[in-house]
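Feature annotations, reproduced from TrEMBL:
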| type | residues | note |
| --- | --- | --- |
| TRANSMEM | C:6-23 | transmembrane segment |
| TRANSMEM | C:44-62 | transmembrane segment |
| DOMAIN | C:89-296 | domain 'Cytochrome c assembly protein' |
| TRANSMEM | C:96-114 | transmembrane segment |
| TRANSMEM | C:175-195 | transmembrane segment |
| TRANSMEM | C:249-265 | transmembrane segment |
| TRANSMEM | C:274-292 | transmembrane segment |
| TRANSMEM | C:312-331 | transmembrane segment |
| DOMAIN | C:315-645 | domain 'Cytochrome c-type biogenesis protein CcmF C-terminal' |
| TRANSMEM | C:394-413 | transmembrane segment |
| TRANSMEM | C:425-442 | transmembrane segment |
| TRANSMEM | C:448-465 | transmembrane segment |
| TRANSMEM | C:493-516 | transmembrane segment |
| TRANSMEM | C:623-643 | transmembrane segment |
Amino acid sequence: MKWKSLAATMMLAALPFTAQAVEPDEILDDPALEARAREISKDLRCVVCQNQDIDSSNAGVARDLRLLVRERLVAGDTDAEVMEFVRARYGDYVLLKPPFKLETYALWLAPALLLLFGAGTVIVVLRSSRARSVADKLSDDDERMVAEILTAENEVSS
Amino acid sequence: MKRAIATLPILIALVFGAFFLWGLNPDRDPNAIPSVLISQPAPDFDLPAVESIGVPGLSREDLFGNSDPVVVNVFASWCVPCRAEHAVLTRMVERDGVRLFGINYKDKPEDARAWLQNLGNPYERIGSDLSGRAGIEWGISGVPETFIVAGDDTVLYRYVGPVVGAEAEEKFATALAQARTRNGGNS
Amino acid sequence: MFPEIGQFALALALGTALVQSVLPMLGAARGNSLWMRSARSSSIAQLVFIGIAFAALMRSFVVSDFTVRNVYENSHSLKPMLFKIAGTWGSHEGSLLLWVLILAAFGAGVALFGSNIPVALKARTLSVQAWISTGFLSFLLLTSNPFERVFPPPLDGNDLNPLLQDVGLAMHPPLLYFGYVGFSIVFSFAVAALIEGRIDAAWARWVRPWTLAAWMSLTAGIALGSWWAYYELGWGGWWFWDPVENVSFMPWLLGTALLHSAIVTEKRDAFKSWTILLAILTFSLSLLGTFIVRSGLLTSVHAFAVDPERGLYILGLLGVSIGGSLTLYAWRAPAMEGGGLFTPVSREAGLLINNLLLTTATGTVLFGTLYPLFTEALSGDKVSVGPPFFNATFIPMMLPLVVMMGIGPFLSWKRADLKGVFQRLRFIAVLAGLAGLATWYVARGGPALAYLSVAIAVWLLLATMREWAVRIKLLDVPLTEAIRRARNLPRAAHGMTLAHAGLAIAMLGFIGSSAWKSEEIVFVQPGSVIEIADFDVRFDDVERVRGPNYIADRGTLTVSREGEFVTTLYPERRSYPVAQSTTTESAIRSTLAGDLYASLAEPASETAAEQGAWTLRILYEPLVNFIWIGSAMLVLGGGLSLSDRRLRVGAPRRASRSTPVATPAE
């Protein structure tokens, strides 16, 4: 484990070019195409970095991938085709937005399910509260009286 | 009902805990990325030779129709760990008769030439990947990386990082031995 | 000598914590008031001992005592004094020491200022706090001793990661820890209440100030961290949904839910078992954060030196504390009586929806953060869950919450008049819609979601102000009367107004800087001019300057607008020879309307480099400062609320039961 991370550090240190992310010479002349390239790059994960997209990474491989993305776009690929091109070589790991498939159903459905479960619980709680409040109907006046006394007390004491 | 709901948090926490325990397994490397190439045919690539180096370039065709599995090593002269790995690879070739192909990744030809003249050239073929595009086809994440490719150009194994040190070398040797028996069974 | 004193003090603290874990708890069970009262002195003693240890470590850093391994690994004699001091908490060991120091500080705080808390509850709470203390002190001493010596002593240190040598970041961990360790005392209160089997409105009132204090710090800590990322990483981004950011954000989200549900418990004696659960979970998420950051379980850009064995130890601590408390919860919570009753349209119901959304959002972030681990364990496949996922799920949950925030404060307890509320807010809804349209008219670009979000943020801002105005009857009564009313209004009410308005403002910042950011990346040579957002930026030259422990290339940029000089910017690229790394120091011209942001790099292209060109990134980030202003308002709002005399720590008053139906909401 230790050796591995050491090796990883050495590899990173050994990369030939260190650049600061997107470089001027990478930028496409067509602004619309360039904008698409930037969006795609933001959804692709840099494979040598800890947890970064290739758009903001300064690793050499990230630069290569940025160039590749632009090359594919110039060649006329759709965004989805470019994504698929990279995914075919590096696997699902590079997609920062995980695809909706068997393995990620749970991930994508979790927020909705959580919300539904929560909402269900809330409704149950509200129902039981209402049921009890009907049962307690008679005590409403009492409660108001108690409350008035308490407010009066509070005003005296403060 | 109330009790069931109150018990839910601890149950969820226990499930999470089990995953954490699994995740702490010291053999697990959270940074490792599985290769999509394993059990797939080698990617399409065609690299020219490094100029005046004496060995030919490398393309996908060269990986097809070999009787034994071959080793494809991605290296560069600027890569410090590659230097240590070079000795291991040379030994594999000389002692074990491994057929070794190289992909010279993003390296200036003159630097690569000097490096190989200095250390010796164990590679049977070397493709010069100046742009790094073949590297992307192979899905590499850094240098060095080493692949074992079966005679029918199926990629069998990938090692990320230098094959250096007893543990790594043994791992690699095991994979190579397995590849050889697989190949033997096929032919 | 001093490091040994520090280590000895830690051992004494551990001993004290052990006694405190048992004695007051037993005392509370047997009614022995002497044993119960021992919690007070032992809490203070723990703070003193850990304080001594912390001071000893800090001294080692200040005098650059490289015989201490921790100093050698994380400091350098040439480092500026501020960063030597900050180095104390720059490493795993040191930051853990800070962690236990804050733990002890909260314990001692309750011991010293909690004179209104019944003696048995206080004794139990402090005992529970000591359990946590015992766990972490033994972890510190057994696996992460900050005072370990090296022999032979090295001549100089390895220096701290230069990215971290920054004022904002030096202050970031203390604030963050104060926040997320602060939730420990709330956890302890909750566990103590479960052990006692009793929880009432008074309990919620005792716990509230501590929750607020922790929440304020956490808010400030997170804001400071994202501010740091904004100006230091050279990217102009302030939030990346990185696992390490997420683990500090989750306790904040849940802590915010807790803050609101505790109000219901306090005023209406309802949501009791839910409030307790939130108190336990909020601190559990803090612990989870500590675990994830230090165990290397997930890949992250931040994270300490990774060691699975330490991870195992912390996991054990998590198992005992989270597992124990949740088991206790499963056992005791069902017996808790639900309190005050309310209808589906009421303040309570509104806060319930607030809690539902905040909890779901927390759950989503948690699930998304850990999902890669789940799939890896189950199928061996690695997936990545990145910003696109979080943005796609988190934002749709937050928008309705913010809409609700505008309405909630208008609702009265028990039963609210929704029609009346809508009448009051109709006009504001129209204004908010117009604000969205106006933004569209001016900006014309960017996603539709941005315009909707602007409308919602403006809605929240105006509705919050309207609610405040209604309360003091602004414009309905003479101004002097309104001012008198404002003075009499509880500070907690002002606090809420300020905090809610702060969120609205921060939201405008989030939207502005993400939807309408413009960016230019170019090769420049002296004399090049770049146009961005009606500024002309001229690149004059680069000179080499020398700092205490770095060498920098400093660019000079002259900024003008329509021919008039605006300012000069000096972005730097620093290289730190000892730490062998480089950082970009961006130069920013900040105004309320937006930031002009410049950072400099060496070009990757060899041809460009040969011509002596530089890579210049210039960003214009509209409204970005609203984020920090809004965050400051959140913190100040919390502070105002904390200073409310009804909450003042030590005010010996039993909470009043319910407020009458007719009383306006507060």
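If you go along the chain as it appears here, the first residue is 1 and each next one adds 1.
Every residue, even glycine, has its Cβ placed from backbone N, Cα and C.
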Considering the transmembrane segment (C:623-643), which listed stretch of C:175-195, C:312-331, C:394-413, C:448-465, C:493-516 counts the most C-beta pairs under 8 Å: C:493-516
Tertiary contacts of the transmembrane segment (C:394-413), as residues 6+ beyond its ends and Cβ separation under 8 Å: 267-268, 340, 342, 345-351, 353-354, 357-358, 360-361, 364-365, 421, 424-425, 428, 449, 452-453, 456-457, 459-460, 462-464, 467, 470, 496, 500, 503-504, 507, 658-659, 661, 663-665
Cβ-Cβ under 8 Å with the transmembrane segment (C:312-331): same-chain residues at least 6 beyond its ends: 131-132, 135-136, 139, 142-143, 187, 190-191, 194-195, 273, 276-277, 280, 284, 287-288, 290-291, 294-295
Beyond the flanks of the transmembrane segment (C:6-23) by 6 or more, those residues with Cβ under 8 Å of it: 35, 38-39, 42-43, 45-46, 49-50, 52-57, 97, 100, 104, 126-127, 129-131, 133-134, 137-138, 140-141, 145-147
